[in-house]
Amino acid sequence: MSEKPFVDAPPPEDGVAHQVSPHDNGSLSEEANSINEYTGFGAHQEGEIRELARTFTNMSHDSGHDLSKTNTSQDLLKYLSHMSEVPGVEPFDPEQISEQLNPDSPNFNAKFWVKNMRKLFDSNPDYYKPSKLGLAYRNLRAYGVAADSDYQPTVSNGLWKMAVDYWHDMRKIDESRCFDILKTMDGYFKPGEVTVVLGRPGSGCSTLLKTIACNTYGFHIGEESQISYDGMTPDEIHKHHRGDVVYSAETDVHFPHLSVGDTLEFAAKLRTPQNRGEVSRLEHAKHMASVTMATYGLSHTRNTPVGNDFVRGVSGGERKRVSIAEVSLSGANIQCWDNATRGLDAATALEFIRALKTSAAILDATPLIAIYQCSQDAYDLFDNVIVLYEGYQIFFGKASEAKQFFLDMGYECPQRQTTADFLTSLTNPEERVVKPGFENKVPRTAKEFSDYWRNSSNYKVLTAGIDKYLAEVADGSQREAYRASHVAKQSDHTRPSSPYTVSFFMQTRYIIGRNFLRMKGDPSIVIFSIFGQGVMGLILSSVFYNLQPTTGSFYYRGAAMFFAVLFNAFASLLEIMSLFEARPIVEKHKKYALYRPSADALASIISELPVKLCMSTCFNFSFYFMVHFRRDPGRFFFYWLFCGLCTLCMSHMFRSLGAVSTSLAAAMTPATSVLLAMVIFTGFVIPIPSMLGWCRWIQYINPVSYVFESLMVNEFHGRKFECAQFVPSGGPYDQVAAVNRVCSTAGARPGEDFVDGTAYLQTSFEYVNAHKWRNLGIVVAYIVVFLGVYIALTEFNKGAMQKGEIALFLRGSLKKVRKQREQNEAKVNDVENNLPNEKISYSDAMEKDSGESSTSDDKLPNQRQIFHWKDLTYQVKIKAENRVILNHVDGWVKPGQITALMGASGAGKTTLLNCLSERLTTGTVTDGVRMVNGHGLDSSFQRSIGYVQQQDIHLATSTVREALTFSAYLRQPSHVSKKEKDEYVDYVIDLLEMGAYSDALVGVAGEGLNVEQRKRLTIGVELVAKPKLLLFLDEPTSGLDSQTAWSICKLMRKLANHGQAILCTIHQPSAILLQEFDRLLFLQKGGKTVYFGDLGKNCQGLIDYFEKHGAHPCPPDANPAEWMLEVVGAAPGSKAAQDYFEVWRNSEEYQEVQRELAYMENELGKLPVDEDPESRKKYATSLIKQYFIVTWRTFQQYWRSPGYIYSKFFLVITASLFNGFAFFHSGTSQQGLQNQMFSMFMFYMPLQTLIQQMLPYYVMQREIYEVREAPSRTFSWFAFIASQITTEIPFQVVLGTVAFFCWYYPVGLYQNATPTDTVHERGALMWLLVTAFYVYTISLGQMVVAFMEIADNAANMVNLMFIMCLNFCGVLATPEALPGFWIFMYRCNPFTYLIQAMLSTGLANTKIVCSSREILHFQPPSGQTCGQYMQQFISAAGGYLLDESATDQCDFCAMSQTNTFLDSVHAVYSERWRNFGIFIAFIAINMIGTIFFYWLARVPKSSKSKNH
């Protein structure tokens, strides 16, 4: 049971629960406070304890008292030490333990459970070996390289930038290109203490946490830095104890279709220790997962999918708690939490920090947490605080001493400002307040703050503590004890030096189980794949149905076997896409030391085996027997064995390509090149005798060629095939002697009426029976080699390095940005060096705002309409149950008022916003009305509102200004001039203080704009639209620091003062922030209203309501939001004294709300409705204007995505050149003609990959459109589809032109036009056909994905359609050979007309010259020359004799003109232009289909039953 029970964060286990650390400088009372102040959720004593703690905190803040010297502190310790006796038992059997230890019981007590585990560990320390881990660093410095010269590459400069970057990488790092992220700093952390890291975004908080967690990939640590983890170096920690020092990122990355319970149980299994007592691994893991879910309020979500921004699942706050629980289960001693409270409501955030405190105090964990918004109650829980300012450390010490340190420095803390906000505000020159008389004494710049700190007595205490710590760990005893504890946790067969808890094979087993659960959560891909293989087996086999055992089936038998091999080989190509979907999660779990990436690689292969078996069975059974291959059990199972091995081999190879690549586009391009090489050199397209010498080696290293050879031998060896066609034959030739004719098939001998299959293989392919089983060993060897390569690459490939949250600009704007930056720095220095005598504090900021007037403020819209709703009820169907999400919610939003929408995570806040704004996509609004001024909502409602979503969803390649301009141009009325829109965009940029990065690209999460900048942009996008009715904001302050959150609230107040109606959800409002709201709508679980009314001054209206209805009094210095959450039972672990939903429904306040709503409905409805047709339009701008603006943005996105465009060109150039030179100057023999025909077939191979490359970009843009732009009526779906179609066409035309030159001339098709002097005309037509093919490629992909939700399924559908097009185009099987049922496919197939046009244009009107292998030999009748004997046959069937006068042996070539060959495949030269026109029509059909299918599948249809 060495695993740290996780309530909260994986606590380090150490010796005695209440023991004071030997190197602790201070205070038994502080340690006691750590243990006691937070012992028990919801107990009666909780209030008394909190009051005592708050009293002590105030004493400390006011007078700097050392609590260890007060009797009161000792009394508190004594009081808490007499709490309920803890049993110290194993809590895994629910029938043998108390309800307080049972996580499935409503009476479960998380802190009691932790204490029980501590006592259990202490009862047998030699067995459990509890561990703890401290940390110290000295002269710590972190730096990055060359950010200032970095810029966003485009198609025009991407290659140059790539070359420059490569040159820099090859050289030693130039110090002039380095910039410091963290300046030199010192610190140390003792087990049992919780440390908070404070600083504004960009100050280095995340970098510090990453450095401590040894997660430094992407930046560098200075050589002078000294870091010690109880005597261990960062390198030792990373190699041997990675999972004991973890970093929890701000973003939440999980498998969206996996349930919460399965996600957490999986993490628990992989950290289940060996020394866990008598309980089984499974029971232990289930119990630990249940404990974390109960602790973090997730028990009710056990069977709910985690979800993500695009897959429906738990709420955003619940998803954040899942991330917290996962880290907790990882069992780390040192936990680095990066803004872990983002998205949590205030009470849940407080409980999370309490849980960390419990884990630290009782289990000796060492948590560090960076928080941007920290309440006073939360701050009081921390032992230490670090304050960072632009990378400088300006304080490190006791949290209770930090405030006084800066007060003594000469700064002033405004009234009602929390300590955390005060400390953070000191790093902002425009926020901090200087005491009178200290104006010229206080430090101003970040460096001055740092110098002041380093010269202080506090710093000397810190350095003394570091020296003492390093001296204590110098003997290595703590290191050895820690390693012994680590080894005791490890399962059997795990290396002691491994950072993992369970063995490799156990990891693999658990991951296999998880993978099956993922398939169960989203079975569509698996079902679609299996179904698709079965359908394709039936379709392909029907093309070659029931081949007869004659020589006429030789070509078709070979073609059928070739397709069977290819279909089995490349069935796994799309696995590359799923690899990249899972990679971020695998990398995260590697950092947590849950499992090796190689274990995930092996497990993914094993878990796919049943799927592959089903796919192989569905395809091969029907295919083998319908084609009428050899009906022999041994032959069939040999065929099935090789097909299965071929699938495995190629799966491993494609996975290896994916593992070595850093992006999907980078993986798919080489995969297609490899695929093309394998197809061409399988042995069918170009038989071995016809392969050119320079590329013959490709066949030797091609595993597919060995499979094809063995299967052909399996089918042909030892069989005699009746001759289907003799030369000469027909008429009088049927009566000639056998010696005077020969079968017209390779391997035939004169005088025989059959052809031996072995001879045919030897003559045509150079295949021999002796290789049949030899090839089995070769293929198995390839499987093993590729498997090893894949596992090794997965284990050691570091993946893509993140650039970090560093703004990237376009190359052309770098000079402007640098100049602006210099001006800003000068301005900042001016502000810092000329501090005014009076600074604006929180308390008077709004007074100043309201007092000053600005002409620019007149730009803000002024509204006068009221939005109100009544009895709003919404439910969704989950399995067989209708779950109510919103329960009869009432309310209104009036112009000039800000209404706060609050509630616990999962209470339905975002759902209510979506319901009010008509953005619901699932479920049913079963009751209620929504009105504007007493009238129902019209078609213009959605564009009349602004909706700031919780997720910051933007196009990564747009700049900030472009994103704002795009919204303004499309959403402001069309009568507003472009100049006015541009001016308003500039105004909003100034209003939101985005000028410094207005020309920066948005980037993706983690790279580009930081969280704060993204949130400002999200708000700005809605503001520039000038919403005339209402502004919704969903968590606008989530993830922001307190100062930025305050500025957002000031902005909302400014908007409200100009008549804007605002409804805003908010999770963690401080007391000061909450006062800026006018009204509050509070929801509890189930979407039930608990309160809707005025807040009043200092929130007194809210407090009076709840106190009037039985709530315990709100302390004067408490945060009303947190107090309210506890009162109504919305905080984890708290219970409401009564049902406040019923209290509300029975209150006088509720009756007043009903009367007000009735008045609005009756009286406002009498007001005239705006009849202006402009205001009632669904979209603000015309469709043609939407089209041009959206098309320009889409083109811009592609231009700024050089990786996508370059991968297209690289794929097309390599494929075309390879194809051209593999069939180099094929000549005009029969085999040469067939080679040229197959070269055209191979020319089509990039189609699938080009579409697969396009799909992620299309889906990404579609998600942005459907999640954000469509609901806000920015532009219509038709403009979106039309822009996607239009943007791709120019790129495809250029691709087609490049492909034409790289392929047409090497193959030598132009030579076929020389005899008729039509080189230019036929070359021009071939160029048109080639470019049309590339345009068709993208049009097909867009049509398929238009109605598909998942890119993988769209790719599968494209593969299915592509294969069907190739099979039914009349070349592999002529119309005469096709079953009658499939003739319609031949007629409706675009490739029929494309291949006929290309064949006739490329091959027509030239002579055939047979090679020696193609010459047929037979004797003429006695007394006749060959010319006399064959004259009648040649005139009827064609062909020519080498020597017409020969009398002993006739040498005959069966064809003399290419037109004869073309006639056999119905490629008529005179129809070439007609066929081209028909193919163009198919492109148009695809485009129309794209529009139709998108409308059919994805455009919401109006519902007559919708009740407004």
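Note: Cβ is positioned from N, Cα and C throughout, glycine not excepted.
The following features are taken from Swiss-Prot:
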type	residues	note
REGION	1-30	region 'Disordered'
DOMAIN	165-415	domain 'ABC transporter 1'
TRANSMEM	525-545	transmembrane segment
TOPO_DOM	546-559	topological domain 'Extracellular'
TRANSMEM	560-580	transmembrane segment
TRANSMEM	609-629	transmembrane segment
TOPO_DOM	630-633	topological domain 'Extracellular'
TRANSMEM	634-654	transmembrane segment
TRANSMEM	674-694	transmembrane segment
TOPO_DOM	695-775	topological domain 'Extracellular'
TRANSMEM	776-796	transmembrane segment
REGION	839-860	region 'Disordered'
COMPBIAS	845-860	compositional bias 'Basic and acidic residues'
DOMAIN	867-1110	domain 'ABC transporter 2'
BINDING	Gly903, Ala904, Ser905, Gly906, Ala907, Gly908, Lys909, Thr910	ATP binding site
TRANSMEM	1204-1224	transmembrane segment
TOPO_DOM	1225-1239	topological domain 'Extracellular'
TRANSMEM	1240-1260	transmembrane segment
TRANSMEM	1289-1309	transmembrane segment
TOPO_DOM	1310-1326	topological domain 'Extracellular'
TRANSMEM	1327-1347	transmembrane segment
TRANSMEM	1363-1383	transmembrane segment
TOPO_DOM	1384-1475	topological domain 'Extracellular'
TRANSMEM	1476-1496	transmembrane segment
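This view paints the features noted in Swiss-Prot onto the structure.
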{"residue": "Gly903", "record": "ATP binding site", "CB count, 10 Å": "26"}
{"residue": "Ala904", "record": "ATP binding site", "CB count, 10 Å": "27"}
{"residue": "Ser905", "record": "ATP binding site", "CB count, 10 Å": "26"}
{"residue": "Gly906", "record": "ATP binding site", "CB count, 10 Å": "25"}
{"residue": "Ala907", "record": "ATP binding site", "CB count, 10 Å": "26"}
{"residue": "Gly908", "record": "ATP binding site", "CB count, 10 Å": "25"}
{"residue": "Lys909", "record": "ATP binding site", "CB count, 10 Å": "27"}
{"residue": "Thr910", "record": "ATP binding site", "CB count, 10 Å": "22"}
Practice item. Using the recorded ATP site (Gly903, Ala904, Ser905, Gly906, Ala907, Gly908, Lys909, Thr910) as reference, state which further residues of the same chain have their Cβ within 8 Å of the centre of those residues' Cβ atoms, listed in sequence order. Key: Ser315, Gly317, Asp345, Thr911, Leu1083, Lys1085
Exercise for review: Would you mind pulling the DSSP three-state label for Ala904 (ATP binding site)?
Suggested key: coil
**Study point:** Composition by DSSP (helix, strand, coil) of residues within the topological domain 'Extracellular' (630-633)
**Key:** 1 helix, 0 strand, 3 coil
Exercise for review: For the transmembrane segment (1327-1347) and the transmembrane segment (1476-1496), decide whether they are in contact, meaning at least 3 CB pairs lie under 8 A, counting pairs 6 or more apart in sequence.
Suggested key: yes
**Study point:** Selected stretch (most C-beta pairs under 8 A with the transmembrane segment (634-654)) from 560-580, 1204-1224, 1289-1309, 1363-1383, 1476-1496
**Key:** 560-580
Check your understanding: Any contact between the transmembrane segment (525-545) and the transmembrane segment (776-796), i.e. 3 or more CB pairs below 8 Å with pairs at least 6 residues apart?
Key -> no
Practice item. Answer with yes or no whether the transmembrane segment (1289-1309) touches the transmembrane segment (1204-1224) by the criterion of at least three Cβ pairs under 8 A, sequence separation 6 or more. Key: yes
Exercise for review: State the residues, same chain only, that lie 6 or more residues beyond the ends of the topological domain 'Extracellular' (630-633) and have a CB under 8 A from a CB inside it; answer 'none' if no residue qualifies.
Suggested key: 714-715, 719
Check your understanding: For the topological domain 'Extracellular' (546-559), what are the DSSP-based totals of helix, strand and coil residues?
Key -> 9 helix, 1 strand, 4 coil
Practice item. Find the average pLDDT over the topological domain 'Extracellular' (1310-1326) in the predicted model and report it. Key: 93
Revision key, fill the gap. DSSP says Thr910 (ATP binding site), in three-state terms, is helix
Study note, to complete from the structure: Given the topological domain 'Extracellular' (1225-1239), its same-chain partners at Cβ distance under 8 Å and 6+ residues beyond its ends are 680, 685-687, 690, 1219, 1303, 1306-1309, 1311-1312, 1371, 1399, 1402-1403, 1406-1411, 1413-1414, 1453-1455, 1458, 1461, 1465
**Study point:** Distant-in-sequence neighbours of the topological domain 'Extracellular' (546-559), which means Cβ under 8 A and at least six residues beyond its ends
**Key:** 626-629, 684, 712, 715-716, 719, 721-725, 743-745, 748, 755, 760, 1372-1373, 1377
Check your understanding: Going along the chain, which residues at least six beyond the ends of the topological domain 'Extracellular' (1310-1326) come within the CB cut-off of under 8 Å?
Key -> 1225, 1228, 1300, 1304, 1397-1398, 1401-1407, 1458, 1472-1473, 1476
